[in-house]
Amino acid sequence: MSMAATETLNRTDIAKAPQVRLAAQPEKPSLIGLLREDMAKLLVEKGVPERQVKMRVSQVWHWLYVRGVSDFNEMSNVSKDMREMLSAHFTIARPEIVEEQVSGDGTRKWLLRFPPRGAGRPVEIETVYIPEEGRGTLCISSQVGCTLTCSFCHTGTQKLVRNLTAEEILAQLLLARDRLGDFPDRDTPQGAIVPAEGRKITNVVMMGMGEPLYNFENVKTALLIASDGDGLSLSKRRITLSTSGIVPEIYRTGEEIGVMLAISLHAVRDDLRDMLVPINKKYPLKELMEACRAYPGLSNARRITFEYVMLKDVNDSLEDAKELVKLLKGIPAKINLIPFNPWPGTNYQCSDWEQIEKFADFINQAGYASPIRTPRGRDILAACGQLKSDSERMRKVDRLAFEAMMIANHGED
């Protein structure tokens, strides 16, 4: 896919989109990302009578998560005095869109900017929308940067700056629904590739920047709100949390959140996984597999997804495939084989396609679904393992080298 296939929307283009209020006063606490009981406490503190607070919370909740408003003045069934009080003390603003890119395959990537909140300067993260036939998946970030330093992952080369708040995690979903026309009274961008019917965002995956389970409480709150039946109403079976293997929090995820689980596996031996996914030194494969087997509600209809990036001459032999089948014995599982997505400066290469197919065939014959993930958004660095904030990338990456690499990969997808 050539660089010409990529469309970058600048600030002028963004201004033409449905207008949402930006965070001009970040010092105000946001009502987004609060559980009902926490929102109720704040409203009572600001003078809302106890006898009214349940009704007021329900009203605000509906406007935030069903109607998708970003301005208190749009809450038409809330009294003027109440709206003025809310505006004076709180915000429901969206993050700033620094840049929006649209890949030739319809994948969209947003670079979003949030307030510093202890980081010393505003921070930026990336959120990616992947349209497919009959579904649209939003890939959400949980941290600014990452601590895990997985050797094949571009995000891992950006040091952790801070965790995202529950508000900032949810804001990615709210903003994407704004931009895609997935709220009432919002228009879908002309020419956008989205599902023909129903919701534009049908699935959410916590597979963006960061390790979600190192930000457990904020991720938990955000996902419980996203799956609330009176709001955004995403089924927990359509929310997938991907982890590199933080074993104690895997148990907590099953008990306290209950969404689908994905494991960034990538190797079947501890020595190799120690190198590819260094958290394995703390939580080795035996402990990780025990946590997976104990995950609540597992069945053939509710499987754990194991992600396995295909690295040439590293982890792609048939012997690796045999060991993978042994490792997953007794776990209802699907194995996503991911052709390695190149990024500037990496020493890894993608496995040959013929080898990937042989690997997949062996796993299929052993009884496991093993789809080969179609690379999406490579031309805008939106594919798996490529996310990294633009401000960080531009300081370290030679743009000409990147463009030369992408031209060399033309036609691969």
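Glycine too: its Cβ is placed from the backbone N, Cα and C atoms.
Feature annotations, courtesy of Swiss-Prot:
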type	residues	note
ACT_SITE	Glu126	active site, proton acceptor
ACT_SITE	Cys384	active site, S-methylcysteine intermediate
BINDING	Cys146, Cys150, Cys153	[4Fe-4S] cluster binding site
BINDING	Gly210, Glu211, Ser242, Ser264, Leu265, His266, Asn341	S-adenosyl-L-methionine binding site
DISULFID	Cys139-Cys384	disulfide bond
DOMAIN	132-381	domain 'Radical SAM core'
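Shown on the structure are the features that Swiss-Prot records.
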residue : record                               : Cβ contacts under 8 Å, 6 or more apart
Cys139  : disulfide bond                       : Thr127, Val128, Tyr129, Ile130, Val205, Met207, Gly208
Ser242  : S-adenosyl-L-methionine binding site : Val205, Met206, Met207, Pro212, Ala262, Ile263, Ser264, Thr305, Glu307
Leu265  : S-adenosyl-L-methionine binding site : Arg273, Val277, Phe306, Glu307, Tyr308, Leu324
Show me the subset of Glu126, His266, Asn341 whose Cα is within 10 Å of Cys146 ([4Fe-4S] cluster binding site); these are the recorded positions I mean. none
Separation of alpha carbons, Glu126 (active site, proton acceptor) and His266 (S-adenosyl-L-methionine binding site) (Å): 23
At the level of the C-alpha atoms, what whole-angstrom distance separates Asn341 (S-adenosyl-L-methionine binding site) and the residue listed as 'active site, proton acceptor'? 17
Cα distance, Gly210 (S-adenosyl-L-methionine binding site) to the residue listed as 'active site, proton acceptor', nearest Å? 11
Within 10 angstroms of the C-beta of Gly210 (S-adenosyl-L-methionine binding site), the count of other C-beta atoms across all shown chains comes to 30
Check the DSSP secondary structure of Gly210 (S-adenosyl-L-methionine binding site), expressed as helix, strand or coil. coil
